Amino acid sequence: MMTVATTEELYQRLLKSIREGVDLQPKMVNVGTVIQVGDGVAKISGLEQAMASELLEFPPKAGRSEPVFGIALNLEKDAVSAIILGDYLGIEEGDQVNSTGRVISAPVGQALIGRVVNALGQPIDGKGPIQTTKYRPIERIAPGVITRKSVDTPVQTGIIAIDAMIPIGRGQRELIIGDRQTGKTAVAIDTIINQKGKGMVCIYVAIGQKRAQVAQIINFLEKYGAMDYTIVVSATASESAALQYIAPYAGCAMGEEVMENGVIIDGQEVRDALIVYDDLSKHATAYRQVSLLLRRPPGREAYPGDVFYLHSRLLERAARLNEDYGGGSLTALPIIETQANDVSAYIPTNVISITDGQIYLETDLFNAGIRPALNVGISVSRVGGAAQTRAMRSVSDRLKIDMAQFRDLAAFAQFASDLDATTRAQIERGQRLQEVLKQPQFQPMPLEEQVVILFAGINGYLDDVPINQIGRFKSELVNYMRTAHPEVGKMIFENRLDRKFPSPEIRSAIEHMLKEFKQMSTFAEG
């Protein structure tokens with residue numbers, strides 16, 4: 001027999017609930033129902049108040065102990081289409097979906113330094129949970145013109161060819177573009193390794209890469225001590241297109257936190273961040289997959305119509321802030337993979353038009369042993385020149401033109417049997433400069449050493465050194481400058497040479513080293 005509670009009993013229960021602090025206020029929850037699901041996309045009815053890019057929750061149920069989240073991307077007349085972040089196989093027709101009233105956010109701040117996380121900011125390195133209470137929306141409007149400052153501080157990549165001819169400044173967006181296996185990632189990783197002790201937090205975002213390749217990159221960063229100031233965001237090829245799509249935005253949010261609020265590295269506050277997107281070609285492919293699954297109309301090469309906005313809203317968030325807003329910076333190095341050296345394809349031309357210059361790496365140069373395989377004619381930096389130190393600017397002013405002319409003359413010389421003395425001398429000097437600019441991976445070179453070596457090459461000091469001895473002469477000159485004239489390197493590094501460059505010490509050191517080098521038997525044999 002069913003018992004019915006009396007009015008007095010109900011009243012006593014209500015009083016008890018009030019004493020225990022139970023919230024009896026009614027809550028409005030926007031709830032929907034899955035009407036169709038497949039390939040990582042769910043179609044949901046009943047979410048009339050859903051916002052664009054809102055985070056949706058698929059609550060736990062039998063067989064699923066944790067909630068699954070999605071992002072509302074298509075707001076249609078009778079339904080909402082959402083991409084599912086995570087395992088969508090457990091989601092079925094008829095499942096409940098809750099609105100959260102917020103957009104997707106990523107954890108940010110000090111606790112992420114040295115960690116490897118997925119696109120949602122969850123740790124995947126086996127080092128335990130990330131202890132942070134700071135979160136930022138992954139999507140955000142880029143800083144306005146009033147908050148920005150012109151680029152005037154260099155990012156030293158440690159790669160002599162780039163620092164001299166295509167300089168990068170803090171707050172710049174510099175594209176690294178080329179075919180597969182031309183050294184694009186190597187340039188980015190060398191740049192990260194070279195930031196040790198330079199007050200820069202680095203973020204490496206792997207999009208659509210193989211897991212083995214990402215693990216190898218992490219091992220290199222740990223080996224060279226770069227993980228002490230680096231965050232790795234990984235959305236590998238084995239993960240869903242939805243996670244690959246949001247990964248660069250999550251990494252950018254982490255970089256913006258450094259730029260605006262700073263972190264502590266080696267006891268010093270750091271407000272400069274460098275972010276590498278490796279690569280945005282695979283990011284565009286992931287977004288194309290998501291868009292086609294959402295039934296959005298395809299355009300050129302089957303990409304959706306807003307694929308330009310996909311990358312422009314990401315890369316515009318790189319900035320140099322003025323002193324009123326903290327003076328921090330976020331420098332972006334996006335990577336694009338071309339097919340058969342075609343830089344005029346859809347995605348490459350989009351990103352070239354967004355960025356402040358590009359570093360173009362060429363397959364033929366790479367196969368010829370010229371590494372980094374930099375094509376000087378196509379590569380350019382639109383703003384980084386203002387960030388070069390005086391000493392580097394003084395030695396590199398002519399270098400790019402000389403190298404571009406050398407490549408043209410070298411191509412012409414293949415078909416010409418008789419060359420005049422001036423042309424021959426120009427080609428021979430260009431060959432020596434080409435050797436000077438060669439550099440092995442994982443061996444970034446300090447600024448002061450770059451300046452001395454370039455000065456020797458540009459001013460003809462190496463004209464009598466055999467080409468196969470240039471590498472050895474470089475290393476011996478650097479060692480001599482370190483031991484005999486350390487004060488010169490310090491002056492170059494601190495940008496104190498002013499108009500005295502080149503100092504007499506640099507000239508005398510090069511001449512002394514050249515004289516000693518000529519006396520060696522190996523020189524004569526060369």
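Note: Cβ is positioned from N, Cα and C throughout, glycine not excepted.
Taken from Swiss-Prot, the feature ATP binding site covers GLY178, ASP179, ARG180, GLN181, THR182, GLY183, LYS184, THR185, and the record attributes it to sequence analysis. Swiss-Prot lists SER379 with the feature site 'Required for activity'.
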GLY178 (ATP binding site) - helix vs strand vs coil (DSSP): strand
Neighbourhood of SER379 (site 'Required for activity') by C-beta distance under 8 A, where only residues 6 or more apart in the same chain count: MET165, ILE166, GLY357, GLN358, ILE359, TYR360
Candidates ARG180, LYS184: member of the binding-site residues with the richest Cβ shell (10 Å): LYS184
Collapsed DSSP category at LYS184 (ATP binding site): helix
Fewest other C-beta atoms within 10 angstroms, as judged across GLN181, THR182, THR185, which are the binding-site residues: GLN181
Residues flanking the ATP site, with Cβ no more than 8 Å from the Cβ centroid of GLY178, ASP179, ARG180, GLN181, THR182, GLY183, LYS184, THR185 and excluding those residues themselves: GLU337, LEU361, THR363, PHE366, ALA373
All-chain count of other Cβ atoms within 10 Å of GLY183 (ATP binding site): 19
Neighbourhood of GLY178 (ATP binding site), C-beta criterion under 8 angstroms, separation at least six: LYS184, GLU337, THR338, ASN341, TYR360, LEU361, GLU362, THR363, ALA373
